[in-house]
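Noted in TrEMBL for the protein shown:
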- A:97-311: domain 'ABC transmembrane type-1' (DOMAIN)
- A:1-21: region 'Disordered' (REGION)
- A:38-65: transmembrane segment (TRANSMEM)
- A:101-123: transmembrane segment (TRANSMEM)
- A:135-156: transmembrane segment (TRANSMEM)
- A:183-207: transmembrane segment (TRANSMEM)
- A:290-312: transmembrane segment (TRANSMEM)
Amino acid sequence: MTRPVATPARPEPSTARPAKQPANLAERSWWSRNQRSLAPYVFVSPFYLLYGLFLLVPILVGFYLSCTEWAGLGTPRWVGLRNYRDLLTDQSFWAAMGNTALYVLFTLCVVVPAALLIAQALNARGLRGRDMFRMTYFMPVVISPIVISVVFGLIFDKDYGLVNATLQAVFGFGGVDWLGDPAWARVSVVILVLWRWTGYLTIFFLAGLQNVPRELYEAAAIDGAGPVRRFWDVTLPALRPVTAFVAVTVLVNTAQIFDEPFLLTQGGPGESTLSVAMFVFRAGFQRQQLGYAAAAGVILFVVVFVLGQLAMRALGVGRSTR
Amino acid sequence: MNGMSRRSLLRAATGAGLGALALPGLTACGSSSGRTVSSGRVDVSLWTHDPGYIKTFQAAAGDKALMQGSRFDYRVKATNAAGSDVVTRTIAQAVAGGNTPDLAGVIVDQFPRVMGSAIAENLFVDLSDTVRPFEGELLKLAPYSVDKIPYGLDSDNSITVLYYRQDLFAKYGIPEDLDTWQDLARVGARVYDQHKVSLGMVSTGDNGAIVNGFLQFLLQRGGGIFDASGELVLDSAEAVEVLEFMAQGVRSGFLMSLPDPYGAVCGAALKSGRLAAAAMPNWYNVYGLQANAPEDKGKWRMRTLPRFAGGGHVASILGGTAFCVVKGKPNTEAALELLRRVYLTREGQLLRYHSGGFLPTLKSLYDDPELTSVADDYLGGQRVFDVYRAAAADLPLYYQAPGMQFLSDLLGGHILQALQGKTSAAAALKAGIRDYRQQVKR
């Protein structure tokens, strides 16, 4: 850190009030001596204070809790790493991890590309009713979860559901037990994820597309590139920073997925749609195993943190493209 | 930089935050202190999931006859929350030393959460002395007891009866007085085959609903999940028989599989007449039938359940909510007296029935003229206490244990597989018990 170039002029000794004036630098207050170098830290301190209070402290307390057995009342009992050891042999936890991995994979492989394609379509010249389309795609994000739960419960019902009725009318079969069969229940959850988040991600891609210089497309067209080639060679490279941001965000958020399986299937049938976040919720707030829940939460945190870091490095998030 | 380094500054800030948050979070535990209110005006805070209880307690507070001789002048300050949230928030507030309720309405399937780690003992008033004068008279106390100490008074007996559409029974030639489930299942299979109409339902939704539906039949058959000492007794011939009966019912169409017995799909089944009967508790009349099919007023009737050929009871139970008094608070004494007046007196029990439709929990009330004369318009003017009296006289006992939540989560999927014919009843129960034992050994 460089020192200030301009130093304040030393005060002239005064005979009028000599007792109140410091005789030399050593006699000045600590704050007076350091205020210039400390001032920036004072200004940035609110952030670090909040960062400490609301991020570091919960992480540290969570880690402490994860090494205890605590039902909520009374004093937590220290059990060391026992909760972690138990988690490794808990089939419910591994089921939740497997389901969560499936949701993450689906979101990255289907939802993100779908959002990109929809954004590309919405960005097309001459598209009428663009605002209406944008609003329609964005609407699922703002609909109340309770409404989603009721409506999708009806849509996916085996006997009275819209999906089965449509399948029956169009293809002549419609007996899929969307919410009662473990495999189909997972499919139902990922369909809900697709419906709920594709439009939201589309907004990011649309913003990115609108910043792609039109000259690049014109140059590519002059070189004889068709629409598909222009998409691969112009659009995708230009959208790389946005895509990287969306992919990392989606990875981190989907790894903590809770709403969709909770709303649609409550983690069932059995534990076939249980996610890790639901596992944590269930252990902490339905079974009063706060230490165990904290241990699962710490594992989730570590996994998400590591994956997020790896993804950011792989996709070059935060690095200059030059 | 002189004086304090950046690292030191950050370390100090983090340390201060850690101390500020961790200290109250980890050490505060227990109830708020204050001077005990022993007479006069008292604002009792009530947390519940059901507006019916709010109405009941507020009506009780203003009922001069019921409150005659009380030292307290009650006001009820109610907070409505989801059933599971009442327990979660009560515990959280107790941990934080915050604002716990004076009276907490705990749904029966949430009570196991307070059965372990001495939570009930630390949080709620021991009601042993309160209920002692009513020994043998109270119908349902066991599910809310820990080590045989009661911590909650049930609001309702949740007596399961058979509701049925009398007009559809007549139309399809179904006798209304069949003695056994086996007889009804045989007729039901024929009715489904010919008319695609079911005479009962099983839940295939969340694990709790699946297990509750199974438990309802199991209790009627004379089985149970836990015994009085909290030991698992699910590994029984009765359990296998009941699950086989349910699976067979689903296969034949006699029982309709529904995700939610109270939701929109069930409403559609009721409205369309595809569901012509249902074994459900007394409260299903209001919350299930009347809510989903108000236009069917006068068409429904109820009776005691057909017996299982192998034995058991003519009634069962499903659901319920107990009210617990939070201990160590200024209003604890007042809240306990309010609970006693509303739940353990004839006047209180009558008020509860008239305010919220809650059935008496004292046996003698089932012969009370004021109740025996009650006719239900939705049930075609049927005198419902004729049925409730017979059912209350043959109610099965029901015990819970701290592991009930585990069992519910783990057993649900296996039961569902049996209902879908993917595994046998015996194998499903065996797998569920194995999973449960693996998880609770921790």
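Glycine is no exception: its Cβ is also placed from the backbone N, Cα and C atoms.
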Distal contacts, the transmembrane segment (A:135-156) - CB-CB under 8 A, six or more residues away: 118, 122, 162-163, 178-179, 188, 192, 195-200, 202-203, 259, 263-264
Maximum Cβ pairs under 8 Å to the transmembrane segment (A:38-65) among A:101-123, A:183-207, A:290-312 is reached by A:290-312
In the same chain, who gets a Cβ under 8 Å from the transmembrane segment (A:183-207) while lying at least 6 residues past its ends? 99, 102-103, 106-107, 110-112, 114-116, 118-120, 122-123, 134, 136-141, 148, 152, 156, 176-177, 239, 242-243, 245-246, 250, 254, 257, 260-261, 263-265, 268-269, 272-273
